[in-house]
């Protein structure tokens, strides 16, 4: 059998290759039977036949491939042949962590969770500041208009305004994990399993992304009428006269927001959800690309993935698609490295010890992720210290120069973090893994909490906004704290976090348990129900084949 992931274009296979292919076919067939609904008696005889001595001898050939190990090689665990499922930003809630986080991509869960925390911090830091100089200093290169602060320095300000860079990181992670299972099947040459994987992923993707959004926005809209509150976010939708009117408006908004081809439509109930349609589109791009390149050789597939990522970044303004494909490319290289299937040129290069290059990539990623966010134009960026020459790197197609630099930063960070043990260990820690578990829910709920409870808490501790006087005058300075301290770490801001951070984390965990987890089960049940007849037909054909 000619493997679809083979890096050569040979038509005739050698005896050893034939043996290897035969062994792979047998393993795939066993795996397929075991994964389908069945009665033990119906397949036990077939499996015993496959596990006879000649077949087992053939299967040992699979472990004889040469491996490429270096600092660039991803960490290997005992789950590499059948890796533990690693879900994307919306595809992981509801699963229970089993003890230590030893699977190869556990760091991605932690990185995603930490990035979600940065989004929370950014929105709270900006919301709690009435002084436009302080807001500008957080978004500038070193500060703004002679207003400088330690927390606004490049690299350091990632911890305070890094939420901007978190979104591109989400997209690269999504591209990586969405491609993980299909690419594994593709590299094994299992076309049937690849098709099944893509079918399952496409069936479930819209539901997995939008069910939590639907539930959270509906509860948020309903709370306006149940509790008599509304969003204090400027430009957000005002409550309707009745709850029924509100539900109708929510339905109209959601159906338009969730339509794949409705370009530029933001969710009126939660403006932070602008990334969800991009997640769905990026998913389609990744899976379509894998399917389109399924019959290419390994080298040509890698080149095409690289070319597509470049096309979406430099030729057309689809930076998020470029990030999804960059994640898929990194996943492809990692899996090829683990399986010893890398093209020789790339394999020789990865053997070299380049730890200093990885640290340089990480430092460059932090610098580029700190791109000033004051304006989307290159002319404004050229006025920021340290960004004049970099501003000329802007692609002609890029409408927002900030997205370009954040995208490059996300790719550099995704390359360096898993290969630098001190960084990888941090993102595999229990703290980051917990954040990863609730990251999607935290992303969904932190905005509504900020625009309701958070606004009142900030008014109460003395971080007063102009709209507080008209909307919530009774909350102003209820328990006022001094606003002393470093910008971003003022005493009254930290005091507010004693209430808001636990509230956000607790609410996110509740949504993960009560909404996202059941959503996973519902989507899985729907998929099994939809393909039940197909499974019965496949099982019948398999039984006849081995009769």
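We count from 1, first residue shown onward.
Cβ coordinates are placed from backbone N, Cα and C, and glycine is handled just like the others.
Lifted from TrEMBL, the feature list:
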- 106-464: domain 'Acyltransferase 3' (DOMAIN)
- 158-179: transmembrane segment (TRANSMEM)
- 209-227: transmembrane segment (TRANSMEM)
- 280-296: transmembrane segment (TRANSMEM)
- 308-336: transmembrane segment (TRANSMEM)
- 356-374: transmembrane segment (TRANSMEM)
- 404-422: transmembrane segment (TRANSMEM)
- 434-453: transmembrane segment (TRANSMEM)
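Within the same chain, residues 4, 88, 171, 174-175, 178-179, 182-183, 186, 191, 194, 198, 201-202, 205-206, 209, 260, 304-305, 308, 312, 320-321, 323-325, 327-328 sit at least 6 positions outside the transmembrane segment (280-296) and bring their C-beta atoms closer than 8 Å to a C-beta of that stretch. The list of residues near the transmembrane segment (404-422) in space but at least 6 beyond its ends in sequence, with Cβ under 8 angstroms from a Cβ of it, reads 71-72, 74-75, 107, 111, 164-165, 167-169, 171-173, 176, 313, 319, 322-323, 326-327, 330, 355, 358-359, 361-362, 364-369, 371, 390, 393-395, 398. This prediction places the mean pLDDT of the domain 'Acyltransferase 3' (106-464) at 91.
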